[in-house]
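J.: What Swiss-Prot shows for this protein is this:
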type    : residues       : note
BINDING : Arg106, Asp143 : substrate binding site
Amino acid sequence: MSQQLQQIIDTAWENRAELSPKAAPADVREAVAHAIEQLDKGALRVAEKIDGNWTVHQWLKKAVLLSFRLEDNAPMPAGGYSQFYDKVPSKFANYTAEDFAAGGFRVVPPAIARRGSFIAKNVVLMPSYTNIGAYVDEGTMVDTWATVGSCAQIGKNVHLSGGVGIGGVLEPLQANPVIIEDNCFIGARSEVVEGVIVEENSVISMGVYLGQSTKIYDRETGEVSYGRIPAGSVVVAGNLPSKDGSHSLYCAVIVKKVDAKTRAKVGLNELLRGD
């Protein structure tokens, strides 16, 4: 089934300029709708770890983008205080008490998750925003005013602190989603964008900005890398001097590996999770 879906969506992507809400073949509509439904359920995901390496399913990202091409904007109720006007409904628009109980997560007003995002058991959504195609795994806390961008992959037992920005893939168009692996702590107001991967058990301090062009300096080895934080790293904001010493530019600094003291400071509070 997935192979057939992929073929339909890949073909539709090549002909996307010809598609509109009023002009799209039935099989394309059905394929895109099914892909979004499977993303919403967590049965499919835009990226997954296979044999230790992350594989990005580009066809699912295409399905997300095509869904915007196929839908008209429509009014959407907003709890009586306002209205929205958009192409993508809320994930929870038609949820019943039984649906929430089966999902096993908490949604604190006025948190928003778009249809096509997956929220796993024991996740806590504080007043935050989770975009279409995102995958938020078990036990994760998305704290107040944090944003989880389109198709971003958030692992198990992650803490996204207040105001954290996890970048999406839709605009500007990105090849790969941001990936935050299991047991990571992302400090307040930090930003991780442009397909950066933060490997498991890492701690990103408050106010760290990570994109593909951000230099990542390892204090222990003196090495500079880009686009990936190694597993178990503690990262803070810093600066590196220019070669001529005339100025310095922002960088992220790996100051040490996570130890018991660090883990105690950023440990998850189980009282906030579960039924």
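Heads up, the Cβ atoms here are built off N, Cα and C, so glycines get one too.
Model, not experiment: these values are computed from the prediction.
Could you place these features in context, so I can see how deep they sit and what lies close by?
T.: Other C-beta atoms found within 10 angstroms of the C-beta of Arg106 (substrate binding site) number 18, with every protein chain shown included.
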J.: Are there residues of the same chain, six or more positions away from Asp143 (substrate binding site), whose CB falls under 8 angstroms from its CB, and which are they?
T.: Met126, Ser128, His159, Leu160, Ser161, Gly162, Val164, Ala188
